[in-house]
Amino acid sequence: MAAAAPNAGGSAPETAGSAEAPLQYSLLLQYLVGDKRQPRLLEPGSLGGIPSPAKSEEQKMIEKAMESCAFKAALACVGGFVLGGAFGVFTAGIDTNVGFDPKDPYRTPTAKEVLKDMGQRGMSYAKNFAIVGAMFSCTECLIESYRGTSDWKNSVISGCITGGAIGFRAGLKAGAIGCGGFAAFSAAIDYYLR
C-alpha cells in the first residue's frame, strides 16, 4: 500500500486498523449466511410478481388425503413391493443354486425352472419389503401425529416398534434384538439424511 500523505494539521496519518469499517462484501455475507440472516417472505405479490390464488376445496382435499397416514403407508407399501421384487430377482439372478434340484445335482436346470425360481424369490422379497415399508411408514406417521413434531425420535420409535413386531414372531429375545437393530438402523439413516 502506498504511504499516506500527512494531514494539513501536521498530525500523524491514521493507520488502517480495527477501527476501519468492514468491507461491503463482509456485510453482504453476514446478511446472506451469517448471524444477521433473516427468513425470507417469498410471497410473489409482495415482490412485484403475480400473487398465487387461494387454494380451491379440491386442492385442499387432495393435499389432506396425500398427507394422511393411510396414503403414506400405501405409498410405502407399493414402493417396498417394487423395490423388494427387484431386489429378489437380482439376488436370484446371481445365486448359483437357482433352479438346482438336490435329487439330481448333475442336471442343468431349464430356463423355465430358473425363471420360475426367480419369480418366486422376487415375489417373496416383494411381499416382505411391502409389509416392512407399510408398517414403518404408518407407525412413523402415527407417532409424528401424536407427538406433533418431526424429528429423529419418530423414526427411532417407529423402527423399534416395526423391528420388534417382526422379530417377535420368533420369540421375545428376537423381538428385543429386532427392536434395537431396526431402531439403530433408523437412527443411522435419519442422521445421514438430515
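Every residue gets a Cβ built from N, Cα and C, even glycine.
As annotated in Swiss-Prot, C69 shares a disulfide bond with C141, one of the listed residues C141, C160. Residues within less than 8 Å, Cβ to Cβ, of C160 (disulfide bond) and separated from it by at least 6 positions along the same chain comprise C179, G180, F182, A183. With the fewest other Cβ atoms inside 10 Å of its Cβ, the least crowded of the disulfide-bonded residues C69, C141, C179 in this structure is C69.
Secondary structure at C179 (disulfide bond), taken from DSSP and collapsed to helix, strand or coil, is helix.
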